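The structure appears below as structure tokens.
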Amino acid sequence: MRPTQSPFPGTRLRRTRATPALRALVREDRLSVDDLIWPIFVCDGENTRQPIPSMPGVERLSVDLLVEAARQAADLGIPAICLFPYTDPALKTPGCEEAWNPDNLSNRATRAIKAAVPEIAIMTDIALDPYNTHGHDGIVVNGEVVNDESVEALVKMGMAQAEAGADILGPSDMMDGRIGALRQALETNGHKNVTIMSYAAKYASAFYGPFRDAVGASGALTGDKKTYQMDPLNRREAMRLIERDLSEGADMVMVKPGMPYLDICREAKDTFGAPTYAYQVSGEYAMIKAAAANGWIDGERVMLESLMAFRRAGCDGVLTYFAPEVARILNRG
Ligand SMILES: NCC(=O)CCC(=O)O
């Protein structure tokens, strides 16, 4: 599409930017509370809040406080939250068995929120890194992250989450074949309406640093995740992964990190038209917070602009630690 326009001065593009009313009339997109998914960290205990120093304003919450947070999120109109557990190190094993314990922290949290705040959608994370001491998203055998054995474990994990009441499964592990295996297991185990948001294009990124502090995984990782997460220089491979995951039964796809990969979001939306999300990850959050704390940027405006960029890039929504803060601003109008 190429809008027809008269040569200057017939066309003066500044005309429609001249007043707030005209700018509102020609605005091409909107950022809305409906677009927000709020990632939250869960810890053991009661009435426990643990601030995460590298993510100012973000805390790990025990299940009782998490339920209150979910209530506040629902009252703000946030449609979904995404749970990440801080697993007791004593429960971490090479086989990652705690991952599919029906009563693990994530599943207990899901049940408690479902009972108290049924209207909010709960997304859960499928990856094995919270459940082992080497920090990899899969099962490690002789130093290798083995694909097919990992998929079997991930399916057990996903089924336990669906059983607990998760609405959206978020496989973030980047193993091959896990979307098809999860979809088949959901269909055959009475969970045909559970949705899958595939972390389809997840890059091996340095922007995840503060998240690893939050889930107690920093310093734990042996080696790196480059044999399963993507090379930051690859664009065509991202399209192959997204196409693959959609064809295996993903309902929604995600690009991660967010802001450095807006080109991937746009191409994914234009190419496949599927519900497309970005994860504005911990490092992106931390950079904005740190610069704002130093007075180097206007934190509120940069936060809003960073989220508008995802809409402009074609995203239907964004996972962001700013969710409650931005929802309060958007609700204020
Ligand atoms: N699987 C979830 C993540 O790795 C999140 C990364 C982040 O926020 O940095």
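Including glycine, each Cβ sits where the backbone N, Cα and C put it.
Those TrEMBL annotations? Automatic predictions, nothing curated.
What TrEMBL lists as active site, schiff-base intermediate with substrate is K202 (among others). Secondary structure from DSSP puts K202 (active site, schiff-base intermediate with substrate) in a beta strand. Listed in sequence order, the residues of the same chain lying 6 or more apart from K202 (active site, schiff-base intermediate with substrate) and placing their CB within less than 8 Å of its CB are S172, M174, Q229, M230, M254, V255, K256.
Annotation comment: TrEMBL describes K256 (among others) as active site, schiff-base intermediate with substrate. Secondary structure from DSSP puts K256 (active site, schiff-base intermediate with substrate) in a beta strand.
The Cβ of K256 (active site, schiff-base intermediate with substrate) has 23 other Cβ atoms within 10 Å, all protein chains considered.
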